[in-house]
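Written below as structure tokens is the structure these notes are about.
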């Protein structure tokens, strides 16, 4: 099994609900280590750059607006198959379709305010981690 890194963002809706600790507990219970973390209030420019891959999609402006509506908690997770493990913990993008016990089923309000973001592949994980955490700010443990 491969040790991987993945980016996770606890979105403004979940931060506002004060469930950061509950979500962190799920990461740790699944064997994922938080090796970098910070709380930030993304600017429109930062959110726009991060989600640039969606720029031509109809939901892009709403996504950028939502991601800048309040603080987010950004973390780099590390562990065996971290990308797939985190995506399993998150559940389906639409919380109505998410399995019971997943982060989105338990904490998300809608397909837009869906509590968390997670990298979907090793290539995107590397780009996303580097976007928020230059190498000197990530510490394996």
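Cβ coordinates come from backbone N, Cα and C, glycine included.
As recorded in Swiss-Prot, the features of this protein are as follows:
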type     : residues                 : note
BINDING  : 11, 59, 87, 93, 104, 114 : ATP binding site
ACT_SITE : 117                      : active site, pros-phosphohistidine intermediate
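You'll find the Cα of residue 59 (ATP binding site) roughly 15 Å from the Cα of the residue listed as 'active site, pros-phosphohistidine intermediate'. Listed binding-site residues: 11, 87, 104. The one with the lowest count of other Cβ atoms within 10 Å of its Cβ is 87.
Between the CA atoms of residue 11 (ATP binding site) and residue 117 (active site, pros-phosphohistidine intermediate) there is a gap of 7 Å, rounded to the nearest whole number. A simple Cβ count within 10 Å picks out one of the binding-site residues 93, 114 as the most packed, and that one is 114. Under a cutoff of 8 A between CB atoms, and with a sequence separation of 6+ in the same chain, the neighbours of residue 117 (active site, pros-phosphohistidine intermediate) are 7, 8, 9, 11. Across 11, 59, 87, 93, 104, 114, which the record gives as binding ATP, the greatest C-alpha separation is 21 Å. Under DSSP, residue 104 (ATP binding site) is assigned to a helix (H, G or I) in the three-state scheme. According to DSSP, residue 114 (ATP binding site) is assigned to coil rather than to any helix or strand.
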